Amino acid sequence: MAMPVKLTPASLSLKAVCCRFSSGGHALRFGSSLPCWRRTPTQRSTSSSTTRPAAEVSSGKSKQHDQEASEATIRQQLQLVDVLENMGISRHFAAEIKCILDRTYRSWLQRHEEIMLDTMTCAMAFRILRLNGYNVSSDELYHVVEASGLHNSLGGYLNDTRTLLELHKASTVSISEDESILDSIGSRSRTLLREQLESGGALRKPSLFKEVEHALDGPFYTTLDRLHHRWNIENFNIIEQHMLETPYLSNQHTSRDILALSIRDFSSSQFTYQQELQHLESWVKECRLDQLQFARQKLAYFYLSAAGTMFSPELSDARTLWAKNGVLTTIVDDFFDVAGSKEELENLVMLVEMWDEHHKVEFYSEQVEIIFSSIYDSVNQLGEKASLVQDRSITKHLVEIWLDLLKSMMTEVEWRLSKYVPTEKEYMINASLTFGLGPIVLPALYFVGPKISESIVKDPEYDELFKLMSTCGRLLNDVQTFEREYNEGKLNSVSLLVLHGGSMSISDAKRKLQKPIDTCRRDLLSLVLREESVVPRPCKELFWKMCKVCYFFYSTTDGFSSQVERAKEVDAVINEPLKLQGSHTLVSDV
């Protein structure tokens, strides 16, 4: 197994290529001190940038330089950025990518004909700029489609598969219900692409067929980043073929460098992930959590969700606590649902309320002792580490997060015992907490870089991010787990809609819930990308990452409850060596 990745001669060569593109096509000596290269040691990747109004985009080169004939077109520059992001190595080229995107954004604001007269370039620019925090409107995409005479139909693109593919990808980054143009483009492009898959007419190239098939598997928010990276690395022959058809990306050394760095980065990450997972497995045994026979053992799934989204090596602490608290919340959930008596549950809540004074209260059972001791030790260790990182005491906040979860679960138990049927509003207020994302996501915010003051934690934006993420996740879960929970005598949003909706059927209730699910997802992404923000962008991104995790497990089935549904994805991210397709057959040779 490879050791942690370092910049190699190949990746340095690739940096030179990126720098050439970011400078407008003029070759630059690697390491030259141009304005677009300057950044502080703490400056983050463009994936963590905030939404930028026009005035805040870096000036880069002079206007005269920007207007010079450029060897690389905007489309070619964006294609390079897209390749680096899809291969999971964009963070190594943050400054170069920022230059490219700043230049592209200026061209977007100026309605440059290279963007506005080319549908494929416009769609790609819209998608990449938006997801990197630039303030772009879908109205521009509407005008481009309308100007092409295809306002009511995308049929004119029937034989232009790549344009259809870019339109389809652009349609998935909606941040508002008002962006109906994206829904329309998405529906039509998806239909035409599926027709092409079925007929094979316009997809004569097997690589293009596979690329379309992969894109239609689901929107970008339904998979984990590291799984997406793996697919692109293993199917690099598809990307390489497209690069070879593109001037200034067709250099075989460039494609080889991209592949080499991507493989080293992914493989070294697996080495790290395996070590972290082994540590977590030991922790489960040390805490005696494996002795709780009633509890679902979901460590692998929680670690997959952490490594699959927070994949950078420096986020080890965040991954570890994410997985630990995921395991603990699942055990607590099972304890409240099926295993604990009312006396045991009340005892556990009281112990957490007492916290450091818990010795004044006896453990009602060994099960309570194991669960409380695991929470207590983990929270105190985490609090000590977080307090050092944040330069202030954090433990009290971590205890409050757990107490909020336990009290909301106790409310659910009391409803069940008294046979009380809550209103839909009552249910959602409580159920967004009982879904259990608080102890997983909120502590991780302290370990992704920025300082999180107490005023940030108390700000309404912080609460809104949590509410949108938790509501989206809870509704996705309810739709997929309705049958099982109904058989167990439990209420959820589906059954409440049926109960309060008169003659509404179960299938109608599930369809009706799709709108609030979509709304929460769009509103969350909008808030994450918003520039005017109290919560730092790297922290906001964790809420979005967990939203993607919820889609990953619950968008089509109850993938979390199954022991095997996502087992192959666990291996794909953590254990399984890369298997390259096409001409790149031996990873070790790259």
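Note that Cβ sites are derived from N, Cα and C of the backbone, with glycine treated the same way.
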TODO: For the motif 'DDXXD motif' entry in Swiss-Prot, name the matching range from 8-12, 193-197, 243-247, 333-337.
DONE: 333-337
TODO: For the motif 'DDXXD motif' (333-337), could you work out the same-chain residues 6 or more beyond its ends whose Cβ comes under 8 Å from its Cβ atoms?
DONE: 292, 294-296, 344-345, 348, 367, 371, 409-410, 412-413, 434, 436, 488, 490
TODO: Taking Cα atoms as reference points, rank the binding-site residues D333, D337, R474 by distance from T481 (Mg(2+) 3 binding site) and give the first.
DONE: R474
Open item on the list: Quick check: in three-state DSSP terms, what is R474 (substrate binding site)?
Closed with: helix
Open item on the list: As a test of reading the model: what is the averaged pLDDT for the motif 'DDXXD motif' (333-337)?
Closed with: 94
TODO: Could you find out if DSSP has D337 (Mg(2+) 1 binding site) as helix, strand or coil?
DONE: helix
